[in-house]
Amino acid sequence: MSQEQPKRPQAEKHPIEYGDVFDVSGDLASQPIAPKDAALMQTKENQILGKNLKGGPASVMQSAAAVNVLHGDVGHGELSAVAREQGVSVSEGKLDGQRVITESVGRHVVGQFFEPEIPMKTPATALERDAITIGEALEATAVAGAGDKPVDESDAAAIQVAEMRATGKNETESGGLGARAQSAATHNTRTLPLSEKTTLSDVLTDAREKLQADKAVTREDAEGVIGAELRNKLDMKTTPGGVAASMAAAATINQKS
């Protein structure tokens, strides 16, 4: 007579909460991300940016809310308590002369990044021959930006996208700038003393010589890099003076000149 096998206890599943995907605490951290929260953030982003940023807070919220609905954790028309009581907002300001976008649920910031000050319909072909290139923007990060910052995964992702935008390819070059950045990020996770970590300056100095091709920075280039940096940072804030910020500044200067 066969005996019934004991069932293994299953790990308790819970909905995707704000604290799972954003660097937030307090009352918001334990709130499931709801569909109406995501919809509101998408609307706010559209009002300020003219579109939704790929990899930005609204995109992350939409994906998380879709999973929560699929698993039956929240309803299609549900709105979280924090969003209902405190609202959802996207605001813009200035930092060091650059446009900064801050996205919040209630009083909690879920994303912050630099955005090029360029009209959405401005053609890339309008750039002058002496416009700032992607290689130059990366070198600016090494020299005048966050050059002393140890390279992490968000930096590596941003540099990889910048390289692909420069070369026009859909993959990074073996032994190229993006590969070096990824190697540096991996090395830094295994290296404890700060003095022994590889910095952005180590990777990005002479970036133009390390790129197989180069081109003038456009709004589309900058936004691709911004999205990559945001997707790989828990706090979803681009680094002041970092790769995304330098690309945003270059795109703005190119259009204004």
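Cβ atoms here come from the backbone N, Cα and C positions, even for glycine.
Positions annotated as domain 'SMP' by TrEMBL: 16-68 (among others). The domain 'SMP' (16-68): residue composition by secondary structure is 35 helix, 2 strand, 16 coil, according to DSSP.
As annotated by TrEMBL, domain 'SMP' applies to 132-190 (among others).
What TrEMBL lists as domain 'SMP' is 198-256 (among others). Summarising model confidence by region, the domain 'SMP' (198-256) averages a pLDDT of 93.
The region 'Disordered' feature in TrEMBL is assigned to 168-188. Beyond the ends of the region 'Disordered' (168-188), by six or more residues, the same chain brings 138, 150-153, 155-156, 159-160, 162, 197-198, 202-204, 207, 210-213, 215 to within a C-beta distance below 8 angstroms of the stretch.
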DSSP residue counts for the domain 'SMP' (198-256), split into helix, strand and coil: 36 helix, 3 strand, 20 coil
